[in-house]
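Participant: One structure coming up, written as structure tokens, with questions to follow.
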Amino acid sequence: MPGRLRGDARSWYAQGNDVKHVILTHGGVTSPQSHADSCAAAADDALAVLNAGGEALGAAIAAVARLEDDPRFNAGTGSNLRLDGRTIEMDAAVMASDGRFGAVASIERVKNPVLVAAKVLETPHLLLAGVGATAFARRLGFDDHDPVTEGAREKHARALAALGGNGDGDFSSDAARFHALTAKRFWNFDAEPLECDTVGAVVRDAHGRFAAAASTGGSTYMLRGRVGDVPLLGAGIYAGPHGAVAATGIGEEIARRFLARTVYDWLADGVAPARAAQRGVAMFPDVLAIGVLVVGRTGQAVASNRTMASAQLVG
Ligand code: GLY
């Protein structure tokens, strides 16, 4: 039986290897447990794919697409605005245990970046970025979609206020915004993201195939063109014959630690999923919010050092 081994902010699950499928979903580190309803719905969507004969990859993609459609999360509709207050650039990635990988970075004006990433996986490329990624989506019939929400506007105003401005013109030029972001004397906020981060899913199907998928509107304080961990192979997600991993937190910190591939390598070395997840979170200082989903051959785990809405389906 899966069990909760730690408190609200750090949840660990373990499971024997006599299961048909495992689905784990999350709404981003710092997301409140009150958002777990959407994670459960996303897991249900993934299960429907498996029940229809689909593989782990399709299930993980379906789960993340559902989470992208919930404006409470920083992915798809509801994504964070860049510091310019106008631009939304989104990253998404998918990976299967046979090595197939597809990603988009800084894609604009699509409803479900994860579905575009899934199409990149069918091309000879790993990652499409910027206007090329958006043009690729249009070519494949993805409609124009404005992902800006009132919640994103409010969050942007709070981000500017936290940087030292008042959100109504103190950072009216790119240069001022850049200085606000980079000059230490302006960093009068703590290292916490304002709320929510990447959404993600990991899946093991009845045939022992693994997959991971993730999508994000980026971090709270970011320049145009900034790309986080999600589309960087091995940083935000990884999947292979030993399992699948999806991370959430500040992308630069995750990428520096090559988190998803590092946790995966521990699985490959025989480390239990719960232990691998715990070690992954422990790589980060407490001031950095971080979370991981891990599924391996012998079990699965959800670990974070903050609240993180999540759900699991095991059958
Ligand atoms: N983890 C999402 C990002 O930093 O872009």
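Using N, Cα and C of the backbone, Cβ positions are placed for all residues, glycine too.
Dumping what TrEMBL says about this protein:
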- THR198: active site, nucleophile (ACT_SITE)
- ARG226, VAL227, GLY228, ASP229, THR248, GLY249, ILE250, GLY251: substrate binding site (BINDING)
Participant: Between the Cα atoms of GLY251 (substrate binding site) and THR198 (active site, nucleophile), what distance do you get, rounded to the nearest Å?
Facilitator: 9
Participant: With the Cβ under 6 Å from ligand 1 as the test, give me the qualifying entries from the binding-site residues ARG226, VAL227, GLY228, ASP229.
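Facilitator: The qualifying binding-site residues are GLY228, ASP229.
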Participant: Just to confirm: which same-chain residues, 6+ apart in sequence, have a Cβ under 8 Å from the Cβ of THR198 (active site, nucleophile)?
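Facilitator: Counting only residues 6 or more apart in sequence, the Cβ neighbours of THR198 (active site, nucleophile) under 8 Å are GLY28, ASN74, ALA75, ALA214, SER215, THR216, GLY228, ASP229, VAL230, GLY236, ALA246, ALA247, THR248, GLY249.
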Participant: Do any residues at least six apart in sequence from VAL227 (substrate binding site), in the same chain, have a Cβ closer than 8 Å to its Cβ, and if so which, in order?
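Facilitator: Correct list: ASP91, ALA105, SER106, ALA129, GLY251.
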Participant: Specify the secondary structure state of ASP229 (substrate binding site) as given by DSSP, simplified to three classes.
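Facilitator: Coil, per DSSP.
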Participant: Please give the maximum pairwise Cα distance, in Å and rounded to a whole number, for the substrate-binding set ARG226, VAL227, GLY228, ASP229, THR248, GLY249, ILE250, GLY251.
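Facilitator: Across ARG226, VAL227, GLY228, ASP229, THR248, GLY249, ILE250, GLY251, the widest Cα separation comes out at 16 Å.
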Participant: Looking only at Cβ atoms, how many others are within 10 Å of the one on ILE250 (substrate binding site)?
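Facilitator: Total other Cβ atoms inside 10 Å, all chains included: 23.
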Participant: Could you tally the C-beta atoms, other than its own, that fall within 10 angstroms of the C-beta of ARG226 (substrate binding site)?
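Facilitator: Around ARG226 (substrate binding site), other Cβ atoms within 10 Å: 18.
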Participant: For the binding-site residues GLY228, GLY249, GLY251, which Cβ has the most other Cβ atoms within 10 Å, all shown protein chains included?
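Facilitator: Ranked by Cβ atoms within 10 Å, first place goes to GLY249.
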